[in-house]
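The block underneath contains the structure these notes are about, expressed in C-alpha cells.
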Ligand SMILES: NCCC[C@H](NC(=O)CCC(=O)O)C(=O)O
C-alpha cells in the first residue's frame, strides 16, 4: 500500500478583496481597502497548485464560498430582493457588509482539522471544519466548508465528517493552521501537535494582552476527542503569547512541520524543550528540530516574509523541499538564512519561491492556501476525482477564471449587483466542474 500527503489548495473566490477585517493580522490591517485583483489572485494560486502537481505531488482543489453572503445579511435583518439587501447593508452597516463579502475561505489551512486514518481509533480519516469564531467574517465559513468537504470526501467507509465545534469563543478553533502531524512515513501512526493560544476555562494561565488568541486549548482537545486520538499520539503546546502580540495570529506563521521535521522560530512556543521532548518520545523516532534563532531572523521578519508559512513537502524521490513566498527571497536576512539552510546538507534540501502576493497582502502565504490530507492509495481512490488537479483541470480552471473574474476590484465595487450575478454564475459553473452538487446557499434556497 502506498501513502501520500495530498494538498488541497483553496481556489481564490471572484470577490477577493482587502477589507482590513483581521485585527491581529498585520498584513490584513495594513492593506485595508487597497484594490485587489481577483483574477491574478486566482491564477497565482493555480500556478502554485500546478507547480506542485508537476513536481509529482498529488494536488487537489477546494472550492471558495459564496460572497457577498446574502443569506447572512438576511439573518441580520436586511430585506428586499438580493440587490436591495446588498445596497441597504452597504449603506446602513458598511463594516458588516464588508465582512459578509470576504473571500477568506481561500485560506484552506483554516478550513478544518484533519486526522489521517493511521492515527484515529476507527481507522478512518476524520475532518472537523473550523468554527473560526474569533472573526465575524470567518465565522460565516464552517457550514459551507462542511458541505464542500463532504462532497469531496464522499465515502463513509473511509471518511468521517464531524460538525464544527460550538460557535463560541470558548471553543475558538482555527483548524489545520494550529495543527501539525508528525510521522516517520505518512502511512505510519503519527503524533498530532495542537498549538493553542489560550486556555478558555482558566484565566490564570498566560495569554496575549494586545491581539486575540484565536485558538483555545479546550477546542483542540475537543477536536482530538472527536477524531479518536489518544494521549499517546497528541501533544498540546501553547503558542508564546508575546509572538501573538507581534502579529503571529496562527501557529503556521511561526512554525511548520512535515514527517519528522519541525521548522520553527526560537520564540514560537511556551515550554519549548519539554514539549519537543514529549513529541519525540511519543513519536518513538528521532525528530529533526530546526530552530531559527532570533538573532538570525527576528519575529518581525518572520511575520513580514512568512518564512514559516511555507510548505515543507516530501517529493516522490524522498527529498524534502520548502515552498516559500517570494517575500522570503526579497528580505536579505531571510534569504541568507534559507540559503544556509538548504546548503548544509540537512533534512531540507531545496527551496522554491512562488509569487502569491495577492494572498500575502491579506496575511496568507503558501501554507495558508493549503489543507493537507495524508491518505493511503485506497483513500485517494475514494476522493471525488473531479477535485484532483491534472493538466485538463488546470486548463479548465484557468479558462473559468478568465471568463468570470475581474482584473481589479475595489471595496466600493462590492455592492455592485452585477458582481453578485457574476460570482454566482462562476460558482454555479464551478460546482459542475468539480462535481460538488449544490453546496452554496444560493443553490439550495432557490
Ligand atoms: N491563514 C491565513 C488567514 C488570513 C486571514 N485574513 C483575512 O481574513 C483578511 C481579510 C481581510 O482583511 O479582508 C485571517 O486573518 O484569518
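Cβ coordinates come from backbone N, Cα and C, glycine included.
Per TrEMBL, substrate binding site is recorded for 19-28, 110, 137-138, 214, 252, 362. If you take the C-beta of residue 23 (substrate binding site) and look for same-chain residues 6 or more apart in sequence within under 8 angstroms, you find 29, 135, 211, 212.
As annotated by TrEMBL, active site applies to 174 (among others). DSSP classifies residue 174 (active site) as coil under the three-state reduction.
As annotated by TrEMBL, active site applies to 250 (among others). Under DSSP, residue 250 (active site) is assigned to coil, being neither helix nor strand in the three-state scheme.
The active site, nucleophile annotation in TrEMBL covers 368. In the three-state DSSP reading, residue 368 (active site, nucleophile) counts as coil.
Nearest neighbour of residue 138 (substrate binding site) by Cα distance, taken over the active-site residues 174, 250, 368: 174. Within the same chain, the residues at least 6 positions away from residue 27 (substrate binding site) whose Cβ sits under 8 Å from its Cβ are 360, 361, 362, 363, listed in sequence order. Burial estimate for the binding-site residues (25, 110): highest at 110, by number of other CB atoms within 10 Å.
Residue 110 (substrate binding site) sits 7 Å from residue 368 (active site, nucleophile), taking the CA atoms of both as reference points.
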